[in-house]
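Enquirer: I am attaching a structure below and will ask some questions about it afterwards.
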Amino acid sequence: MASTPAEYIQHHLQNLTYGKLPAGYERADGSILDQATWTIAQTGAEARDMGFMAVHLDTLGWSLLMGAIFILLFRSAAKAATAGVPGKLQNLVEMCVEFVEGVVKDTFHGRNPLIAPLALTIFVWVFLMNSLKWIPVDYIPGIAHLLGLPAFKIVPTADPNGTFGLSLGVFILILFYSFKVKGFGGFTKELAFTPFNHWSLVPFNLFLEILGLLTKPLSLALRLFGNMYAGEVVFILIALLPFYVQWTLNVPWAIFHILVIPLQAFIFMVLTVVYLSSAHEDHGHAELTP
């Protein structure tokens with residue numbers, strides 16, 4: 001697939017990037033663009049030069065595919081649901097629903113019928129995206145290489161753009177429910193007078209609370225990305241070893257990842273529910289300390 005280990009690693013860890021290169025740009029093959037062109041990046045340098053508007057086609061495609069699989073599975077189970085002896089798919093879906101419902105009841109202290117479906121969607125979707133790591137590391141990138149694609153990653157959660165997209169959605173929901181439940185004045189007051197209930201400490205409180213608010217999506221995104229990306233790198237490094245050594249290291253690492261993949265989906269879901277629960281709580285404040 002690649003002539004050197006560096007090319008092999010680059011092919012597996014670089015995303016399939018589509019974006020716009022400016023006129024006069026010299027490409028990796030030595031050709032010079034006569035005009036600004038939307039194209040697929042051939043190297044990491046080209047991907048960087050495409051700038052902010054570049055799109056990771058592999059991350060986007062696999063995310064949508066896993067989302068579609070989630071919808072089809074749960075829709076099929078719902079349509080085939082019966083009061084009699086349930087089938088295997090119905091059993092699996094009911095287990096997921098009951099598990100997530102129990103987590104939400106224990107964690108979420110407000111009243112919102114949308115939180116449990118949201119938590120279920122996040123848990124199953126992230127789990128499905130993580131589970132792509134169970135596919136042997138060379139299979140799909142190898143097919144992509146035969147098709148002439150310069151790079152290809154199949155795990156959306158090993159791409160920071162994917163995890164930050166998820167966490168940004170959660171962050172928007174946190175702000176939405178904070179303003180909806182507490183009102184603009186109530187939410188602003190909470191930021192200004194927590195943790196110290198004194199007018200002279202409002203700037204310090206705002207700094208702490210806004211910083212804490214911004215770290216929520218950062219922690220969600222970086223935790224998921226860090227665990228998935230690190231696992232991806234280890235699998236790729238193991239694949240570079242001689243065949244007789246690969247089994248010695250790959251089997252225990254794969255077994256370990258059987259636990260990591262659902263665990264990271266669970267952590268992302270629980271933290272999302274915790275943050276949304278906090279957004280629904282109107283803490284209130286006593287009279288200002290003079």
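Backbone N, Cα and C define each Cβ position, glycine as well.
Swiss-Prot feature annotations, pasted as is:
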type     : residues : note
TRANSMEM : 54-74    : transmembrane segment
TRANSMEM : 115-135  : transmembrane segment
TRANSMEM : 136-156  : transmembrane segment
TRANSMEM : 164-184  : transmembrane segment
TRANSMEM : 201-221  : transmembrane segment
TRANSMEM : 233-253  : transmembrane segment
TRANSMEM : 254-274  : transmembrane segment
Enquirer: Pairs 6 or more apart in sequence, C-beta under 8 angstroms, 3 or more of them: is that satisfied by the transmembrane segment (54-74) and the transmembrane segment (254-274)?
Expert: no
Enquirer: Given the transmembrane segment (201-221), which of the listed stretches 115-135, 136-156, 164-184, 233-253, 254-274 has the most Cβ pairs that are under 8 Å apart from it?
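Expert: When the Cβ pairs under 8 Å are tallied, 164-184 comes out ahead.
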Enquirer: Cβ under 8 Å, sequence separation of at least 6 from the ends of the transmembrane segment (136-156): give me the contacting residues as numbers and ranges.
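Expert: Same-chain residues near the transmembrane segment (136-156) but 6 or more away: 1, 10-17, 40-43, 56, 58-59, 62-63, 66, 129-130, 162, 228, 232, 235-236, 239.
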Enquirer: Counting CB pairs under 8 Å, which listed stretch among 164-184, 233-253, 254-274 touches the transmembrane segment (115-135) the most?
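Expert: Ranked by Cβ pairs under 8 Å, first place goes to 254-274.
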